[in-house]
Amino acid sequence: MKQTKYIFVTGGVLSSLGKGIAAASIATLLKNSGLKASILKADPYINVDPGTMSPFEHGEVFVTDDGAETDLDLGHYERFLDESLSQDNNFTTGRVYQSVIEKERRGEYLGKTIQVIPHIVGEIKDRIKKAGEGKDILIVEIGGTVGDIEGLPFLEAIRALRLEVGKNNAMNIHLTLVPFIKAAGELKTKPTQHSVGELRRIGISPDMIICRSEKALDRDLKDKIAISCGVEKNCVIESVDAASIYQIPLNFLKQDILNPIAEILDLKNLKPNMENWDSLVKRVIAPSNEVKIAFVGKYVDLKESYKSLTEAIIHAGAALDTKVELKWVDSEKLENMESAEVFKDVSGILVAGGFGYRGVEGKIKAIQYARENKIPFLGICLGMQLALVEFARNVLKLKDANSSEFDEKCENPVVYLIDEFMDTNGEKQIRTAKTPLGGTMRLGAYKCDIKEKSLLAKVYNEAKSVKERHRHRYEANPKYRVDFEKHGLIVSGESKGLIEAVELNCHPFFLAVQFHPEFTSRLEHVNPVICGFIKAAINYEDN
C-alpha cells in the first residue's frame with residue numbers, strides 16, 4: 001500500500017494566527033495539483049468535542065455529514081478543499097483519553113500500566129494514520145501554541161510519526177508571528193526565533209516557516225529568519241494580512257511554496273490550476289454590485305460564532321458579483337428598539353440559529369417586520385422555529401404560542417421536543433429534557449423531501465430532495481400544520497414526517513429552514529438557499 005505523506009502544521013508565539021487558513025490553503029494548492037489531499041485538526045483541549053462549549057468561548061461548532069461536532073477550522077477545510085470531511089478529521093485530548101480509558105476498562109491493554117507514552121501518544125498516531133488512509137497527502141494541524149503543556153503529547157506523536165514514516169514522507173511547517181513595532185518602525189524576528197527554539201527543545205525542527213505579519217518581509221529579513229531558524233531560504237514564506245482569506249492560496253503560490261514542499265516530500269512537479277479560484281477571489285474583493293442585509297443574532301459580539309454563515313454569504317456574493325454588507329443586529333437589544341428604524345436601510349433580513357431564551361423576542365420582532373413589510377427573509381434553525389412562533393401569535397392569534405424550549409408549560413407549543421428520532425446511521429435515539437447535552441442533538445446530514453413548485457424547489461433548481469446538515473434538539477410541532485397552511489405558511493420541506501422548511505406563498509421571498517445550509521456552502525459551489533436569499537435581496541434593492 002502506498003505510504004501517505006504528512007505535513008504537520010504547528011503554531012508559535014500566540015494563538016489565532018491562522019494555522020487553519022494556512023493549512024487549508026496548502027491543501028487547496030496540493031489538491032488542484034492533482035493529489036488526493038485531506039486535512040486533520042488535532043485539538044489539545046480536554047473537552048470531548050466543542051458541542052457543549054459556549055460560542056463566546058470557542059466560536060462556531062461546525063457539523064460534518066456524519067454528525068460530528070467539530071472545530072470551526074473544519075469548516076475552512078471543507079470550504080477550501082470543496083470536499084466533505086468526517087469525524088475522522090478532528091479529535092481532541094478528551095476524545096483520545098476517553099478512547100484509551102474505554103480500552104483499558106475492556107482489558108485491551110492486558111493489565112499494563114497506562115501511560116502518556118506509549119498509550120496516549122500511540123492513540124494520537126493511530127488517529128492521524130486513519131485520517132490519512134487512501135490519501136496521497138494529509139495535512140495535520142496541531143491546535144494551540146508550541147509551549148502549551150496540553151499540546152506536548154501531540155507534538156511527541158508527530159515527532160515519532162515522522163521518524164516512523166521516513167524523511168521523504170513527512171515535513172514540519174511552523175507558523176509564527178513577525179510583529180511590526182510601530183514605535184521602531186520595523187518588523188521583529190525575535191519571537192519567531194524563540195518559538196522555533198521551543199519547538200526544537202521538543203525534538204522537532206521545522207522544514208518551513210510561515211511568517212504572519214501585517215507588513216511584507218523583505219529579502220534580508222527572510223534570509224535572517226532562514227539562518228537563525230535553520231531552514232532553506234526558499235522555505236521562509238510570508239503570510240501578510242489580505243483582503244480575503246481566499247487570497248491566501250494565491251499569495252502562497254506567488255511565493256512558490258510548492259517547490260520546497262515537492263522537494264522535501266519527493267513529489268512530482270506541482271502545478272495547480274487555480275484559474276476559477278482566482279476569478280472568484282477577484283469578485284470577492286472587487287464586486288460590481290452591493291446589497292445590505294440585516295444579520296439578526298444573539299452572538300453578534302463574536303462574529304466567529306457565525307463563521308460558516310458569514311462565509312456562505314461571501315460565496316453567494318462572489319457567485320452574484322455582489323458585495324453583501326452585513327448590518328449586525330443584536331437580537332437582545334432589538335427587543336427595546338423600533339423595528340422600522342433598525343431595518344429601514346436593508347434589503348433582506350436573516351435570522352440565525354442559537355440556543356436559549358435570551359434575545360428570542362427580538363428575533364420574533366425581526367421576523368414579523370420582514371413578513372409584514374415583504375422584505376426578503378431567511379430563517380435558519382431557531383430562525384425557522386421562531387418564524388412558526390411569530391406566525392402562530394400574530395396570524396393564528398395564539399398569543400401564548402411558544403417553543404417548549406422556552407416555556408415547558410406552554411399551551412400552544414408550536415415547537416416541541418421529540419422523544420425519538422433516527423440518527424444518520426439509522427439507529428433510534430431517545431432524548432428527554434434531562435438527557436445530557438453532549439452529542440444528543442439531531443446531528444449531521446438528513447434527506448429533505450421538497451414540495452413541488454415551491455420556493456424551496458425553485459431555489460434547489462426543482463430538485464425533489466436534498467441532503468443538508470442539522471444541529472438542533474427541538475422540532476416543529478406537526479399538530480399545527482393544517483392551521484399554518486390554511487393561513488398561507490406552507491410546509492415545503494419534510495424529512496420522515498419532520499418539518500424541514502416553511503415558506504409564505506404571498507411574499508417575494510420568505511423561507512425558513514430547520515437545517516443549516518451554510519455548512520455545505522463552498523466558494524466554488526455556493527449553497528442554493530443562501531444564494532437564493534441574496535439574489536432576492538438584490539432584486540428587492542433594484543425594485
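Each Cβ is built from the backbone N, Cα and C atoms, and glycine gets one as well.
Database features (Swiss-Prot):
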ACT_SITE  His516  active site
ACT_SITE  Glu518  active site
BINDING   Ser15, Asp148, Ile149, Glu150, Lys188, Thr189, Lys190, Pro191, Thr192, Gln193, Lys224  CTP binding site
BINDING   Ser15, Lys188, Thr189, Lys190, Pro191, Thr192, Gln193, Lys224  UTP binding site
BINDING   Ser16, Leu17, Gly18, Lys19, Gly20, Ile21, Asp73  ATP binding site
BINDING   Asp73, Glu141  Mg(2+) binding site
BINDING   Gly354, Leu382, Gly383, Met384, Gln385, Glu405, Arg473  L-glutamine binding site
DOMAIN    292-543  domain 'Glutamine amidotransferase type-1'
REGION    1-267  region 'Amidoligase domain'
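On the structure: features taken from Swiss-Prot.
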residue: Ser16; record: ATP binding site; DSSP class: coil
residue: Ile21; record: ATP binding site; DSSP class: helix
residue: Thr192; record: CTP binding site; DSSP class: helix
residue: Gly383; record: L-glutamine binding site; DSSP class: helix
residue: Glu405; record: L-glutamine binding site; DSSP class: coil
residue: Arg473; record: L-glutamine binding site; DSSP class: coil
residue: His516; record: active site; DSSP class: coil
Between the Cα atoms of His516 (active site) and Leu382 (L-glutamine binding site), find the distance and write it as a whole number of Å.
10
CA-CA, which of the binding-site residues Leu17, Gly18, Gln193, Met384, Glu405 lies nearest Lys224 (CTP binding site)?
Gln193
Of the binding-site residues Thr189, Thr192, Met384, Glu405, Arg473, which one has its Cα closest to the Cα of Ser16 (ATP binding site)?
Thr192
Measure between the Cα atoms of every pair in Ser15, Asp148, Ile149, Glu150, Lys188, Thr189, Lys190, Pro191, Thr192, Gln193, Lys224, the residues the record assigns to CTP, and report the largest value in Å, rounded to a whole number.
31
Expressed in Å to no decimal places, the gap between the Cα atoms of Glu141 (Mg(2+) binding site) and Glu405 (L-glutamine binding site) is 37
Enumerate same-chain residues with a sequence separation of six or more from Asp73 (ATP binding site) and a Cβ-Cβ distance below 8 A; give 'none' if the list is empty.
Lys19, Gly20, Ala23, Ala24, Lys41, Phe62, Glu141
If the ATP binders are Ser16, Leu17, Gly18, Lys19, Gly20, Ile21, Asp73 per the record, what's the largest distance between their Cα atoms, in Å?
12
In whole Å, note down how far the CA of Glu518 (active site) lies from the CA of Gly354 (L-glutamine binding site).
14
Glu141 (Mg(2+) binding site): secondary structure state under DSSP, collapsed to three categories:
strand
Return the residues near Pro191 (UTP binding site), defined as same-chain residues 6+ apart in sequence whose C-beta is under 8 angstroms from its C-beta, sorted by sequence, else 'none'.
Gly12, Val13, Thr176, Leu177, Val178, Pro179
Reported as an integer number of Å, what is the Cα distance between Ile149 (CTP binding site) and Met384 (L-glutamine binding site)?
43
Identify all same-chain residues not among Gly354, Leu382, Gly383, Met384, Gln385, Glu405, Arg473 whose C-beta atom falls within 8 angstroms of the centroid of the L-glutamine site's C-beta atoms; report them in sequence order.
Gly353, Phe355, Cys381, Leu386, Ser403, Val415, His472, Tyr474
Over all pairs in Gly354, Leu382, Gly383, Met384, Gln385, Glu405, Arg473, the listed L-glutamine binding residues, work out the largest Cα-Cα distance in Å.
14
Would you mind listing, in sequence order, the residues at least six apart from Gly18 (ATP binding site) in the same chain with a Cβ closer than 8 Å to its Cβ?
Leu175, Arg212, Ser239, Ile245, Ile248
